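Taking it in order: structure first as structure tokens, then the write-up.
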Amino acid sequence: MASHPSSGPRRLAESAQRGAGGAYVGVDYLRYLSPAWHGRLMPALWAALALAAAARAPFYRHWSAELRAALPFLGSIAFMLGAFLCEAVSVRFVSAVMGLQWHRSAAPLPDTGQWLLLALNEKLPQSVADLLRAHVITLHHYLMLFIMLGFSVLFGCIKAPGLGIATRYMFTMAIGRLVRTITFVATILPSARPWCAAARYQIPGHPHPWAQKYYVPYASDSDAIRRVIRDDVAYDSVQSYPGEYRPDWGRMSFLVDILRPTPGEGPSWYHLLKKASGGCNDLMYSGHMLVAVLTAMAWTEAYGGWISVAIWLLVLHSVQREIRERHHYTVDCVVAIYVGILLWRMTRFIWSARDTSRARRLAKLDEVQNRLIHAVKDSDIDEVRGLLKEVELAGQEKQGVSQRAILAFAAATIIFTLTCVVLALTLTSDG
């Protein structure tokens, strides 16, 4: 059977796409091996990728589908930003609610994953241990791998629209972040890095008034814990603590009780959220691993094969490094993996790699089958051609808008997306 005429170029484009992802990770790792070469090669790689996308954009045939996907795409961006804002507020709350003294005194939880990695260091060859410790791939690499996957739609490597898979990625990310926020706010866990809060924040040393009343009196006394379980009432008196600092934030003053500001942390609530970063408690589950798993799931669905295996191996490398460097406990990474997989599968309705145009053509063929048989029997060539044209058109997208509007939308999309890429990679360049 003869292959489709476009299958050769498409396979070539897919191979180039996969190679570009590996090249980006490899070239960026040169920052540790040879900073001079990294400074030369990384701008060249960026320029090559941007020029390839810009050169291909005028020949892309699915801009009308991208236009229809624009509103859901913008909605997913708004939803994701809202989820990030909610998460940032919650990160600051769990970091500040127990006070700085608790952070200094709370012992990290016993983690068998950390023990296993320390034991492996004693058994493995030094070169293997060094490879496991190496910062081969970080957060911004996973974001760049997904961005490359999204742009590969220009070369026909994945199913259009590219904004469709981007919408699914950001919508799934937002859901994952909200679920994560609910999880780590529900139970406050001590950090695997006890010095973190003192180095990063200027939070009050004493606990929040809520913790003063409902936690501190029953934190360590067994008799007090038994009594509060039996009576189900916070019966003990509250110790004397310093008062809370209460700046005037206008309409946002309701956040004072949640964020617990101090005089030296800036004039507004926004300054506190900018410093929230990754928090200084253990945040169940790992947000970095959620990004990594969603990227791996997107590549697996779009391509499969050896490139997906390679990305999943990189995810496992990131998992052990998160545990090894004590950014997270092992349970945080394990939960992030299965939550990411489940959430990605649940959002298949937004975008799927399955090509629906073939199904539409087959449905249309079933509809005109009897007419087509009669036309063949009657040797009506014009009728046969007309019916086959209807079948072909059934698998194509409807334009619905002018060519000028589509071109303007294409230019705006490329500019907007590249701007988002630069911002995302700049803000996550520190991992």
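The count begins at 1 with the first shown residue.
Cβ atoms here come from the backbone N, Cα and C positions, even for glycine.
Per TrEMBL, these features apply:
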DOMAIN    279-346  domain 'Sphingomyelin synthase-like'
TRANSMEM  41-59  transmembrane segment
TRANSMEM  71-94  transmembrane segment
TRANSMEM  139-158  transmembrane segment
TRANSMEM  290-315  transmembrane segment
TRANSMEM  327-344  transmembrane segment
TRANSMEM  405-427  transmembrane segment
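By the Cβ criterion (distance under 8 Å, sequence gap of 6 or more), the transmembrane segment (139-158) is counted as touching the transmembrane segment (41-59), at least 3 such pairs being found.
If you look at the transmembrane segment (71-94), the same-chain residues 6 or more away from its ends with a CB under 8 A from one of its CBs are 163-164, 166-168, 170-171, 173-175, 177-178, 180-181, 184-185, 188, 255, 258-260, 272-273, 276-279, 281, 283, 287, 350. Sequence-distant contacts of the transmembrane segment (41-59), counting only residues of its own chain at least 6 positions beyond either end whose CB sits under 8 Å from a CB of the stretch, comprise 20, 23-24, 27-28, 30, 148, 151, 154-155, 410, 414, 418.
Secondary structure of the domain 'Sphingomyelin synthase-like' (279-346) per DSSP (helix as H, G, I; strand as E, B; remaining residues coil): 53 helix, 1 strand, 14 coil.
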